[in-house]
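Q: Sharing a structure here in structure tokens format.
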Amino acid sequence: MAFSTTMLSWSVIEFGKLMGQEELKNALDAIAWATDYLLKSTNTPGLVFAQVGDPFGDHNCWERPEDMDTPRTAFFVSSDNPGSEVSAEIAAALASSSIAFRKFHHDVGYSQRLLQRAITVFEFADKYRGSYNDSLGPYVCPFYCDYSGYQDELVWGAAWLLRATKIPNYWNYIKQNIHNVKNFAEFGWDSKDAGINVLVSKLLVNNPASKPFNLNADKFVCAVLPESPLVSVSYSRGGLLFKTSGSNMQHATAYSFLFLVYAGYLNQANKKIDCGGGVIASSMRLKQLAKSQVDYILGSNPLSMSYMVGYGQKFPKRIHHRASSLPSIDQHSSQIDCKGGSFYFESQNPNPNLLLGAVVGGPNINDEYVDSRADFVHSEPTTYINAPLVGVLAFFKSYSS
């Protein structure tokens, strides 16, 4: 949730001017929905509430949010039981959203409140270092385990605070801790590494101090471009980017977002990237790759299928989403209990409620898609797939060529 908020905020910061007034307002409203919650979850000094509900109990039930009757146990991290990754990502979300609200004069007082909270939550994350895998392991794992450590979140949080405050201490912190961030080709809700290098490069454009970040961001690009001799990702025959993990579309959207932001940096710095083997990547090439991913998601693929619910003539009808698949209260007023929803889960009927705009995990590497609720790796939508796509779509709405 915090990562989704950071990415939605970054989408607004970079591309908000291209969204149009109505959609910019919608984006800021969506950010505020999350940041209101994150403010509540960090309201007690020395505590960060990381999760509400036992995921085993919740996953065991297929019921509407209005009917949920599983225990809403709240789990927190503290100085004695730290969780630096979840705390630092919340700090990143609060800092980035403070910039978004400040930039568009939406609510300066609210922006200041977000920033002050980001500063204190980051201090907590850094002072009491440790992974929430250790403090909350039985509750957050395996569903929300941190597999990449918390060092990347600490540097990511500091980078967003540097952008929000311009305070030199955060730059010093980044320089002192960047050696802990080694996965230059990774970016997503668990690994922030490539995002750090792109963010700092853009922040310190034409500043010699940014060179190590530029070099690692260049290496990220060369690890993703299909023609690069250093490519480390796969592509389906239809052209969709693939990495080995569930919900593959998260990589297509997040990497496309970073490519567009870094393309802007290359333009500002008047630079191209040399990937070796005669492969030179320009900002135009980065935009082309991002556009190819968006076009695939929206229907330019071997199945001629949109992977965004409600978009185009052909899109996923049986997505893995409880509220979408179960009848609305006005159609079925009595409670549907924990196992009462199994009938709807197993049904071959299309979901009665369209989750408009949601992007699912997507096809397999052979460009095949089984429209099945049970196949959650491919049919489940997530906020961290959609959040970076908001910025990408805003860009291509204005620059379609």
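Placed from the backbone N, Cα and C atoms, the Cβ positions cover glycine too.
Caution: TrEMBL annotation is automatic and unverified by curators.
Sharing the features that TrEMBL gives for it:
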ACT_SITE  H320  active site
ACT_SITE  D371  active site
ACT_SITE  E380  active site
DOMAIN    1-393  domain 'Glycoside hydrolase family 9'
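Explain the structural surroundings of these features, please.
A: Around the Cβ of H320 (active site), 22 further Cβ atoms fall within 10 Å across all displayed protein chains.
Taking the Cβ of E380 (active site) as centre and 10 Å as the limit, one finds 18 other Cβ atoms among all the protein chains shown.
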Q: On the 0 to 100 pLDDT scale, where does the domain 'Glycoside hydrolase family 9' (1-393) sit on average?
A: 96
Q: Using Cα coordinates, what distance in whole Å links E380 (active site) and H320 (active site)?
A: 5
Q: Just how many other Cβ atoms lie inside 10 Å of the Cβ on D371 (active site)?
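A: 17, counting other Cβ atoms within 10 Å of D371 (active site).
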Q: Pop the Cα-Cα gap between H320 (active site) and D371 (active site) into the table, whole Å please.
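A: The Cα atom of D371 (active site) is 10 Å away from the Cα atom of H320 (active site).
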